[in-house]
Amino acid sequence: CTIRRVLPGVSASGMGLRLSQKFVFLLFLSGLVTLCFGALFFLPDSVRLKRIFLSKTESQPVTVGSENDVREHLKKGAKDPEHLRGITSAKGETSTKLKALSRKPSVTNEAKTDKKDAGGEALEDMMLSRSKTESASKDEKVTSSSNQGANTDTSFDYNKFKKCLLKPPLGIEHGKPSDPQTLQRREKVKEMMKFAWDNYKSFAWGKNELRPLTRNGHIGNMFGGLRGASIVDSLDTLYIMGLMDEYNDAKEWVETSLDLNSNGEASLFEVNIRYVGGLLSAYYLTGEEMFKRKVMVLGEKLLPAFNTPTGIPRGVINLGSGTSWSWGWASAGSSILAEFGTLHLEFVHLSELSNNGIYTEKVMNIRKLLNKIEKPHGLYPNFLSPVSGNWVQHHVSIGGLGDSFYEYLIKSYLMSDKTDEEAKKMYYSALEAIEANLVQKSPGGLTYMAEWRGGILDHKMGHLACFSGGMVVIGADDGAPEKRQHYLDLAAEITHTCHESYTTKLGPEAFRFDGGAEATATRLSDRYYILRPEVIESYMYMWRLTHDPKYREWGWEAVEALEKHCRVEAGFSGIRDVYAQTVSHDNMQQSFFLSETLKYLYLLFSDDDLLPLEDWVFNTEAHPLPVVRKSCLQGEGGTHDKTTSE
């Protein structure tokens, strides 16, 4: 028998009617909610709204080729058409910004570090070990397949490339200076590199960066699950310095343990300049095919970031699914000038190696849009909408958010063997606008580049802007002939200003020229130094193009200061306040210290034939990329035969 429970005072038929009414109401409400939820997906630029409701793995999938697919593609020769890092302030607080924003690295406070060390490192190491084993197995198959088809890959002729260089990459004697003092200083820089590398290998091998105080590794969330940033960033530095045992260890790790099948959120900019740039450079210097295979797989994984209404890539990409979005802090979902403007050098070389024009097409489309839209006073603001193609704010900076866009204009021209006239025109027009609106002279006679906010000048210059002395000097010979000396003078004045900011032989993150300040950090939050290379970068270029001995002296001052203030028992660390009597370290050995700072110092104390500027252009992470001599590469012969003897 069936027992039906009825509420007191309510008949069975009455209850049925009420239940029926409730069912109809709930059905109507469900339909309304479904309609509203679905409407979100038809709003303009709704990717960020989707991310609220969907997991990243459920977002629109984008098929990205495997390493085997890319290799097959190469064989066929197809021709298809204020950077996110947290920094620890002087008070120990962690904030999140950009290298484009100001290239501030990930540094968590030490209390959190200790807590993680106690609980998470063992699990993390176990997962890394497992990943390494799986990756090695995959790469073993790839290497075997590649060796079988090595003779059929006609996409890029490495031997012909070497013949198209004007000089041997490593010089006659690896750039060994004849002056004993200079040689001794170069050897010191080499010792610093070995010390930094050995400690990374001992305490952080396979992680992205070393924490020298706590003697452990740091991974961070900037590379989308990729590991070994310090290894990839160091490949060319180790090779150039002749540290061959260390280089071979790095090469073996890349071959067996660099797993590109990650599924995390990556900065398009950082992955491009460090991993793509580092692998490209390693290939061009050594001819190791493994580096080319790796970089082509990674390059293809970056392409979905360009799937926007304008072709301007978004700043963050999931390397597994291909889903991309803009930085959450970026105004109105905008893309950043220094990010989408710092892809050209690497992407041109991806096209060269793959014989696939898609990479060059992507970056040329960015340039086409920039040429089309109006620029306030000829200046390029830092924020651009990837949906509308319009500027979002009128904030202009030669430092964070803007810096490397301008650098890549002149370097694109130089890397094209001075055939890219469009890049040349854009660079000198931008430089003219910068001089007219941003270049200032302090009461004390120091030349600096201020920031521009909708027509109002902010009399501040960031450490990142100190690369501009080097930028201006490498372009001095190719502007109007009557302006050559002017550019040389401007470059020297900017470099002098940045040297003056190094009052303790190391300089702050930003310095000001108002309220009586002269190249001084007036705010506590601007006083840190995180092993940055930009000032030393300008010293190197100024030395190469003027041979004024003061630049080598200034570089040696920086070496002594790094040794005194930043060297600790297990590596090198940034410092929180360059003016403090007692040094407080930030517990982070940045990968760019190995890639840029130490490499530029080594080149500063080397002869000019080590990576000669006639043949090589450095990307913004100091990875040397060769000048593309199309007529030579497409012809029968080379420009010389010296390099074949190496």
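Each Cβ is built from the backbone N, Cα and C atoms, and glycine gets one as well.
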Cross-link partner of C498 (disulfide, per TrEMBL) out of C466, C566: C466
For E534 (active site): intrachain residues, at least 6 apart, with Cβ closer than 8 Å: H463, L464, A465, C466, F467, C498
Integer Å distance between the CA atoms belonging to D403 (active site) and E509 (active site, proton donor): 14
For the disulfide-bonded residues C466, C498, the one whose C-beta sees the most other C-beta atoms within 10 angstroms: C466
Sparsest-packed among the active-site residues, when each Cβ's other Cβ atoms within 10 Å are tallied, from E270, D403, E509: E509
Integer Cα-Cα distance in angstrom, D403 (active site) to T620 (Ca(2+) binding site): 10
